[in-house]
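Only one structure is covered here, and it is reproduced in the block below.
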Amino acid sequence: MAASTKPTTKLSTEEDDVSRRDSESSADFMKSNEELQATMIPEDDGANPATGQPTWTILSDTEIKSVLVVASFAAAISPFSTSTYYPVVTAIARDLGVSVSKINLTMSSYQIFQGVAPTITAAFADTYGRRPMFLVCFVTYFVANVGLALQNDFTTLLVLRCLQSTGSSGTFALAQAVTADITTRAERGRYLIYATLGSTLGPFIGPVIGGLLVKFLGWRSVFWFLLCMGTVFALLIFIFFGETARPIVGDGSIPPQSWNRSYLQMRSKGVSNLKPNLASLERRKSRPNPLTSLALLWDRENFILSVSGGLLYAGYSSVTSVLASQLQQRYKYDAVQVGLCYLPVGFGSLLAYRTTVRLMDWNFEREAKKQGLVIVKNRQTDISRFDLEKARLGFVFPMILVCSGLLVAYGWQMHYHAPLAPILVTMFLIAIILTGVMNAIAALLTDVNRENAAAVGAAMNLTRLLLGAGAVAVVGPLNKSAGIGWTATVTAGFSYNVNTKGIQTKRRAAAIFEVSRATLHRRCDGKRARRDCQPNSKKLIQQEEEVILKYILDLDTRGFLPTYAAERGMADKLLSTRGGSPVGRDWPRNFVKHKAKYSILDEDVYSFDEAGFMMGKITTQLAVTGSERRGRPKAIQPENREWVTLIQGINAAGWAISPFVVFAGQHHLSAWYEEDIPRDWAIAVSDNGWTTNEIGVEWLEHFIKYTDGKAVGVRRLLIFDGHESHHSLKSRELCKENNIYTLYMPPHSSHLLQPLDIGCFSPLKRAYSREIEALICHHINHITKLEFLPAFKAAFQRSFTSANICSSFRGAGLVPLQPDIVLSKLDVRLLTHIPAASPEAPWEAKTPSNRKKKQIQKRGTLTKGEGEDTLAQKEADQQIEREQRQGGEQSGRSRQALARSLEALEVGGVAHSLNGSFV
């Protein structure tokens with residue numbers, strides 16, 4: 001993993017110095033990252049390295065509670081419209097002249113639409129936002145209440161109750177979606193009391209208000225009251241409620257569309273200083289799909305959870321729906337007294353948020369601690385490796401058993417006309433337990449379907465209300481035939497058996513969920529999957545390991561050498577914060593071994609450097625010299641000292657990148673691209689044939705283009721010297737964008753550590769010299785770019801072989817890495833050798849090649865293939881132009897010749913004799 005570290009000019013081998021330096025670096029890093037503690041961390045605005053999760057919302061705790069309270073009161077119109085209707089059933093039946101059973105059908109139809117309508121509302125809310133759909137629901141609700149207050153027949157009552165349900169029920173699913181938008185999984189139970197405050201108060205306040213209204217003002221006043229209440233809640237949404245949908249506003253830092261802002265947001269003239277966090281935006285659905293809720297129910301887990309919650313709600317509905325009629329028949333209570341009897345149900349639901357719902361959060365944190373998961377305030381918990389079902393449903397099944405027993409007790413108490421006090425206490429306990437169970441199931445459904453929070457809320461709403469409507473429709477006739485005691489017993493037994501014993505054997509469960517029996521047995525015994533469990537020797541949790549990785553990369557960025565001592569010191573610091581023992585001696589080595597994805601493979605190690613060629617410098621020519629002179633005499637062509645630069649890269653696996661040649665000049669000439677060189681060779685031009693910062697960037701782009709498809713790992717290492725053109729700002733940005741790590745060699749060490757200098761450039765120049773010797777033998781002693789390219793091609797193919805490249809890296813001690821060899825090479829005194837001057841015999845070159853050269857591009861870089869294509873296009877254009885011009889000239893010359901012939905015939909006096917034949 002340390003392949004990307006940068007060597008320095010002064011290397012210390014003292015272990016004490018290394019340990020002291022690493023300790024200081026780790027202390028600085030810990031000081032600059034206070035959030036590294038693997039405990040409950042206060043909220044802030046940035047991402048937390050202990051969890052790797054960003055801040056979930058910019059809203060403060062008070063703002064979250066305020067938003068949830070407004071949304072919950074808006075959602076209260078649905079249960080409020082249901083419960084206020086209970087005391088007026090008898091009065092409406094009497095005034096309309098129909099039976100109570102028919103009026104009960106309006107309650108069943110209300111619940112059916114209460115389940116179906118949210119599927120449409122949720123689909124539009126996930127696309128266009130929560131706030132617009134709240135307002136649409138309220139407009140529909142207003143129209144229905146006005147009609148209900150003015151109607152006079154049963155059919156109109158039935159239709160308008162369905163419309164009222166359509167407008168009111170959508171708000172319940174929207175409130176659930178708002179809760180998922182601004183609260184995390186670990187904190188959802190704590191905020192549920194605010195998110196469901198309105199919907200909890202509605203069922204037990206509604207009957208009281210309905211009873212008072214029907215007693216003193218008549219049953220029509222109930223619907224006028226609902227209209228007024230809905231107007232107040234709609235004004236709260238219009239004035240105070242801001243958009244929360246994460247596909248639109250993200251974590252709240254992104255402003256919504258102008259038409260989707262609250263009245264306070266539109267009136268506010270201040271400009272927010274918050275920087276929009278675009279990363280918090282979730283994928284937005286292109287169009288609403290009302291069938292999304294049904295598609296979610298098609299999933300087995302969602303279906304089982306929804307049906308379980310629906311059956312519990314059906315049992316609850318069977319209790320509350322017949323309570324009013326039973327109290328009036330058995331205890332002769334009036335509407336007000338019946339309404340007051342619903343108060344224990346409401347108080348029980350409120351108390352549930354201080355008992356059973358808090359128990360849900362406690363169980364979540366307990367399971368997270370067992371599984372090594374860090375819970376951080378205002379940050380979403382990663383559940384990819386977390387047993388979420390056990391955390392949410394660990395306490396549910398015992399509570400279902402207790403709730404079923406209480407339901408049976410309630411039925412037989414009513415059957416034997418027991419005193420009212422134990423009946424109300426039983427209802428109070430049922431409300432406490434049932435609210436906790438229902439919220440646990442709803443939280444689990446929301447957790448596993450976070451991106452479709454509104455749709456999954458509508459799916460659960462659909463299931464429970466359809467089952468509740470069926471229970472309400474059946475419970476009346478069943479009470480008459482079997483009595484309320486047996487009705488409650490059958491309902492409780494059915495709910496308990498389906499929820500706890502629906503799948504009798506593990507063999508059957510394995511067949512249903514398509515898993516092996518052995519796997520299912522291990523899961524039932526509490527054994528986790530191998531990919532989800534940590535070895536016993538693994539002291540650090542995943543988040544702590546990520547902190548160490550960040551620390552190592554930080555050391556590398558600042559130029560320090562990450563060592564095993566540094567890794568061990570950082571790990572011990574993290575463990576000491578939670579009372580853990582230090583890591584073992586071999587832990588750093590094993591840590592690096594297990595984090596292979598952060599290392600750089602040998603196949604992804606590259607080196608590049610420049611080499612210069614002076615085209616006027618050619619090799620041996622025949623000359624008379626002293627017999628004792630050693631070596632091959634050289635001759636320099638005085639008329640041509642043009643410089644050519646080669647920028648070459650090689651890979652440690654034994655292959656070379658296409659050459660990048662820099663010529664002196666202003667334009668790319670067509671003749672260069674007529675030579676027989678590969679199409680992927682690149683040619684650039686500069687004023688003097690040397691490399692520049694711009695050319696360095698162009699070569700880096702050439703390198704990225706050539707090596708992107710050949711990378712084995714996720715990182716590439718590029719080794720080069722410290723020339724200015726190698727580390728310009730643009731070059732560093734390109735390397736960072738493409739995950740390229742750079743390794744600068746110490747000054748004056750490239751001849752010792754650069755693989756190209758060690759084993760490639762020397763053979764290349766010798767091979768090039770032999771090619772020029774061959775040209776001399778053919779009487780070509782003036783070398784231009786046109787002679788250089790084919791000669792260089794032959795020399796390159798002979799010298800850049802796989803064996804030479806591999807031996808170059810091996811000789812430099814880089815691949816395979818041999819630190820001792822590298823350090824021993826650096827421990828030398830660098831001397832500058834000044835060769836003695838030697839006279840050179842002047843000579844006169846022959847006439848150079850006179851091949852026609854055309855300018856095809858100014859500046860920039862062209863590969864051989866691009867040059868050929870440009871040249872071919874220009875030649876085609878010139879040929880077309882030439883043919884058009886020649887055609888015009890030919891026709892002009894023909895007309896002139898004809899005129900001269902006629903003039904000559906007339907002058908000779910023979911025009912009359914030849915006129916006929918001419919014509």
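Every residue gets a Cβ built from N, Cα and C, even glycine.
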Filtering ASN104, ASN479 by Swiss-Prot annotation N-linked glycosylation site leaves ASN104
I'm a bit unsure how to read this: which one of 69-89, 192-212, 393-413, 465-485 has the highest number of Cβ pairs shorter than 8 Å with the transmembrane segment (132-152)? 69-89
Would the transmembrane segment (333-353) count as touching the transmembrane segment (418-438), if touching means at least three Cβ pairs under 8 Å and pairs must be 6 or more apart in sequence? yes
The compositional bias 'Basic and acidic residues' (865-886) - residue tally per DSSP class, helix then strand then coil: 22 helix, 0 strand, 0 coil
Inter-residue C-alpha distance, ASN461 (N-linked glycosylation site) and ASN260 (N-linked glycosylation site) (nearest angstrom): 26
By Cβ count within 10 Å, point out the most packed of the glycosylation sites listed: ASN260, ASN461. ASN461
Ranked by Cβ pairs within a distance under 8 Å of the transmembrane segment (393-413), the first of 69-89, 192-212, 222-242, 465-485 is 465-485
Long-range environment of the compositional bias 'Basic and acidic residues' (865-886) - Cβ separation under 8 angstroms, sequence gap at least 6: 668, 670, 672-674, 679-680, 683, 854, 856-857
The average per-residue pLDDT within the domain 'DDE-1' (641-809) comes out at 86
